[in-house]
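Have a look at the structure below before the remarks.
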């Protein structure tokens, strides 16, 4: 039985796993099936300008690690530190989240090319802050001036460049006292005596070329541990569920880590005002990366800034790139269009806030492969590892363009969360393919299509009226049972009629005498029972008058059983007589049990009638033995047994008397 249960469980898990794999490796056409056919793209010269000015090669740049910035978020929101990396420092780096370390590369080479990016004309930090405050205050985008600039960016069609940016997004360095000390930015708070600050916050690695004309910020992504407590997993999970779920990880499996209370009273409804307020809290990664970017640009005011990130670091990088119009390359980032919409990131004329997936010329490029369910936007089933670990990845739409390696078709990979790690992407994907994949937009993509969002400014009042209903039902029932069964009467017949305002009272008296107790009750039960019942209806309320006469039998039973069984007598025959009296409320039943089976002269039994304790048979004659009158010897033998071993039928063999020699 246990083996069968395990087999069924294995089959269920196999089916669930197969279904999750098929859904995770969705093609672009399958993802478009969830889109809205009513989306109309706004007119504009974007594509014409882009085609009129093809990308130009701008040579190769060599980057070196210059600084590492760390910005606190939850436990230390005011912490902002940096450490300068000296040119002679020999560092160790890990590409698999601290499992193994190797000598860090000294230089990173990447090719540059020109591209056109559509962004705001005025992008100072104060200008960006004013635009976002306007949206959060009035719920409408601010009227600002936009421009299309030709800038330098990484060459996304070059394999070595893509590989370099993946390494910048993946690295985690080990520092020693010889490499320098962590210094507070702008003389900030001193956290020297606090332990654990390095596990709280966002870390960015700053790379610069020889002329300091271009700076690359590589942001650290989500820690790989499923459960809280390892590295920055707890804080990363909170931001993942804020950015990637439809409503703060509510309305899904119970394992999801809920990060706010914005769900509506009905299913698939969410308070958008509450949702935006949760994202605006100072401790979240978007605001931390804005402060980090502000300090880097103050240190390199005349440099172009490029961004790179993996997983959550890639999402934060793309949000920063959309805000300031910066070239960005991300790796295995989960869909980020939903987060950009809720943060109120500015959009050019002709686009409403929330349509970032339909915008061209953003400068955002997301690299990933089809075997990663997080990147594909399908790691959200109840049995998926993301849901088991508490992550709620419900979005399916990326901003900008997606550049997808089809590892399921080309390499025969199976879909699994283990392929999400950046070390797997670097060694098994980017280095294996000869060229990077082509990049494209998914303009018809729609997030959370089955959810309804409503606005709430906190002034609405809700009035509810309670209604009460009173009903009284009385059931009158007459029963006569002739064939009692194991759990009740087998031939039960019932008549019932509902009435209103009816009261019923009854009294019963019983006398029982048992001579032969059985396994589950008395075998020769003799019972005398009298019962009376009355029903009355008040005269205040007109109602039908119902009179019920109930009579219970008075029975007399005599039983003699020679072959008792496990649950009763096997040789029982019953004769029942009853004398009905129409004018009486009771009837008398006489039951006589006669046994007609093989002789069994047992007169004393124990153990519920199963064991005979009579002495061995002896002669019944009262005369003394003589040569003509000898005692009779009888041999008792069992001819048929029960399934549990006791004798069911006996046989007695008589022997002729023998004369004394």
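Placement of Cβ uses the backbone N, Cα and C atoms for every residue, glycine included.
Swiss-Prot assigns the feature region 'Disordered' to residues 574-597, out of the candidate ranges 430-453, 454-477, 574-597.
Among the residue ranges 4-24, 25-45, the one that Swiss-Prot annotates as transmembrane segment is 4-24. Most buried of the recorded positions 155, 295, 311, judged by other Cβ atoms within 10 Å, is 311.
Between the glycosylation sites 212, 271, 271 has the most other Cβ atoms inside 10 Å of its own Cβ, all protein chains included. The two recorded residues, residue 311 (active site, charge relay system) and residue 212 (N-linked glycosylation site), show a Cα separation of 27 Å. For the recorded site, residue 212 (N-linked glycosylation site), the DSSP three-state label reads coil. Residue 295 (N-linked glycosylation site) sits 16 Å from residue 212 (N-linked glycosylation site), taking the C-alpha atoms as the reference points. The average pLDDT the prediction assigns to the topological domain 'Lumenal' (25-661) is 73.
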